[in-house]
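Taken straight from Swiss-Prot:
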BINDING   85, 103, 104, 105, 106, 107, 492  ATP binding site
REGION    788-807  region 'Disordered'
BINDING   819, 821, 830, 831  Zn(2+) binding site
């Protein structure tokens, strides 16, 4: 009875029922679509586009458009989408997340809403986690879309601007999440409208949406420039930290991963660096370097958090196990690890532009996603992205056997049991996939299997290049594959014909802190109704068990006299593990939510600056905007110099000096004239004189040259001030949590101070632009230039070398071309003399 009631009130079930009716409509259209010739089928695309211009909506077209795609897929790809795939497509079109189990054909499902939404001509982005998948899907599914008369583009990291513009101009663009984010940032750093590559963000479908919007949500995309800093302090701090002893000189909390100096450690530091007080303001940099060196030595572990490769520190993604080349830890932690490992210490970088995936993807008009595991994060998707998770039924029932966890007393006992299980299954010819959380675990199991004479493949960040081949062999008879954190998502493990009746065995060597990652590992077995078995092996020494109170259980095992070879198989323990995972997930969600609240402060500021930049780029004449800036600058200067209530205390001389230095010429404004006026009357004659001088300046050159000069000044000032502001906001953010000790809400303080800093930056921009316009010599330097050369810092480049991406430069001028300064001379005889 309860089960029936649950189904009646189950929102998901109601959605499925509603979509089932639409699927029946699509099925009913099949008889009229099937007889069409290829040409008639292609002609449907033009017919749909015309119907849209006459007032029909994409929702009206859905049943017929889906029926057309289904028929085209059957003809072009030899694959006919099932009813459940049509449901998945409907959920995606409605801006939701389709949870479809591994092997249920998510890629084919995506073609349905992609085609329908591409009919509008506004562009559809299909987002994948790496370039291999983007290329694979663009090549395979692109055939279908091109058959139906739509254009398909692929956007890769290595492409030139022209190639990217072509890719984005297509009806459908396949790309990675990183590349989309970086292109957006770069588009807001260009100096000419023609250099932009993206169109307005219309509709995106994200494959492996949980990986991008949850796991990578806290990873900001950064375009950075070099900041020159001394590397010596890192060396000194590293040498000092090596002399410290745990618990005596520093304390380490395993749960929070916090490490800090004790009183003894502080005294030791003061002696070592010959200073009186480590917490004195003049030693802020030293304290920061010591703290980062401590984190590098105590919290960060080689081959778990990072690897050393070709003399560089490369971060390991804790969720996917992939190497994240090109990405660096911030706040000097990366340099501290470089000092620890004795490799070359690289300069800290300065952020020129930054955005998180959370804020980038929220800019799309409509957003949807697909994954095999999203239900556990449903609240987050709904609250942050306004997307519901719809669990799509499987085409065939799942017959996989998910066994209860086996818990051992020690790691040694656990690994012995894992290897024994692998050996037994290998003898029977059953393919085995072993999931590990860290690279060192996969290498340990590999050594143990080698001793037993079992041939196997390892799939981790170190040999990422062979990933697709290893996954392709993983379902063959007797295959043993060890994978770190399910690297290889997006590639199916297909079973060999001779073992279809046995299925794949999945063995987990540790529970991940996220249930989703465990579910992804389980989901590799039993795809499309195949048999399969999954089993997790745990030990009391696993990190998750250590962090969440396994001491009582360990004591109980000791009391019962259990040895290492006897596991506990208990639902109670499995429930305890699951509740620990829920707690960690809750903590992680709170952290991401908090990050978003902080990032929203910068997002609002970024939108203001980027919108103004866009207006400047598109505007033919900036004079009106600049006059407004001059007016504000003058009013601020007058207010600043006439603050006192008593007239004698006004600093009129200081005001005149300021105006002479920054905006006007000597004698333009006289002290005695201003003394006769009230503060609110002073601005008017000053502004009138400024406009007169502005007019004089305009007469000195052709109008076109003057307009370009204005743009050069505005871009140079805005970009310089904005990058300095981002850096200042970074520093504010780093120290703001300390305000909590004074019973002050850090977020509110960050919002208020961030707003005050933004206001002050705007004032500074207006003042500097006014000064340059009135005081700069115009003959030289008329070409728009980037303030700093920027380079994309990839949060993950899937093990491939991150290519340096300088921010675009203006067009090159030939020596015999007319000089861009407007003099009418050839470049070689003008600004290019001596070049």
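Just so it is clear, glycine is given a Cβ too, placed from its N, Cα and C backbone atoms.
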Site with most surrounding Cβ atoms, counting all protein chains shown within 10 Å, from the binding-site residues 104, 492: 104
Sparsest Cβ surroundings (other CB atoms within 10 Å) among the binding-site residues 103, 105: 105
Cβ-centroid neighbourhood (8 Å) of the ATP site, 85, 103, 104, 105, 106, 107, 492 excluded: 100, 102, 108, 109
Residue, out of the binding-site residues 85, 107, whose Cβ gathers the largest set of other Cβ atoms within 10 Å: 85
Cβ neighbours within the same chain of residue 106 (ATP binding site) - under 8 Å, at least six residues apart: 88, 98, 100, 207, 370, 371, 372
Most distant Cα pair in Å, residues 85, 103, 104, 105, 106, 107, 492 binding ATP: 17
In three-state DSSP terms, the structure that residue 85 (ATP binding site) belongs to: helix
Three-state secondary structure, residue 492 (ATP binding site) (per DSSP): coil
